[in-house]
Amino acid sequence: MKKRYFMEGLKSGLPICLGYFSVSIAFGMMAIHLKRPIGEAVLISLTNLTSAGQFAGLKIIGNRGGLIEVFLSTLIINARYFLMSLSISQKLAPKTKWYEKLLIAYGITDEIFAISMSQTRALTFSYMMGVIVISVFGWVSGTFVGGIASSLLPVSVMDAFGIALYGMFIAIVIPAIKKNRNNRIAVMIALVLSTFFYFSSWLSEGWSIIVITVGVSALMAWLCPIDQKEEAFVDGLEGNAGDDDHDVRDPA
Amino acid sequence: MAWKEMLVMMITTYVIRLSPFVLFRKKIKNRFIQSFLYYVPYVVLSAMTFPAILFSTSSKISALLGTGVAIVLAYEEKSLIVVALGAAIGAWFGGLF
């Protein structure tokens, strides 16, 4: 572990930490809203370190869904990390040890990926640990604060916060559909199907999300595949790199 | 606590993140898979948000107002936290009626 690289990582990660803290407050509140214990939410934040994925998982737990439902939704929502891990694994300093890779893999998120890819040098274990440690701290402590605040705030305020995390999702989707026609089509189809499944009550909410995600993403990938150039791949990831905070994307 | 579910979430997520380090040395070239993964975040967030957002607070007016505020702020490309808080404030205000 090189202290200098670690400190550099902490510095790169500070904006991520702040963004995560403010967003995970909403996750902690959501947990209390779903009548789940704070400890559970904090542990999920610590062991998952994902936004949409753990939100969906917690919701299924809250609605007493099955294990397969939890497994499939986690798998599908988080599948994008596969590509990010792939890119990062190719940018690691050549002498990175196998057990160091085990730790780095834990901390691959949209934002950490974006920051890492913006580095001009190869990624060292120390640097990655700096970014990951400070980001995890923001994510976990925010969840805790959100959970505590929920039990202290009046019901009317708590009730209003039930909508906060959805607001965050809207903040990710709308800019993306503004600038890209294919995204617009994908989102429109998803909204129509989601409304249909919601009111037809053929499927539970968790299953409906899984079916829609696989179906619509596959359909769009078939009809409107993205450009295969390297840029398209990075653009795509940048498009959703704002999963937790818009501003942490541009460290420069 | 839902230990089994939590364990499933943790292991699934970790295996997704770890497997490229273990399995691959080269980039995935398959255009379909690349495109599929590109669309997943937008589709999943849309499906999770709507229509569930309309029932996320105790009254229709509250949810509608919160949703409206979020859409306007998001269209103006405000940061995630501003949009999230705006939605909550809108919903709280709507709840007064």
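Cβ coordinates come from backbone N, Cα and C, glycine included.
Predicted, not measured: the structure shown is a model, and the values here were computed from it.
Per TrEMBL, the features are as follows:
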type     : residues  : note
TRANSMEM : A:12-34   : transmembrane segment
TRANSMEM : A:67-88   : transmembrane segment
TRANSMEM : A:125-149 : transmembrane segment
TRANSMEM : A:155-177 : transmembrane segment
TRANSMEM : A:184-200 : transmembrane segment
TRANSMEM : A:206-224 : transmembrane segment
> Cβ pairs under 8 Å with the transmembrane segment (A:67-88): which stretch of A:125-149, A:184-200, A:206-224 has the most?
Replying inline: A:206-224
> What stretch in A:125-149, A:155-177, A:206-224 has the biggest tally of Cβ pairs under 8 Å against the transmembrane segment (A:12-34)?
Replying inline: A:125-149
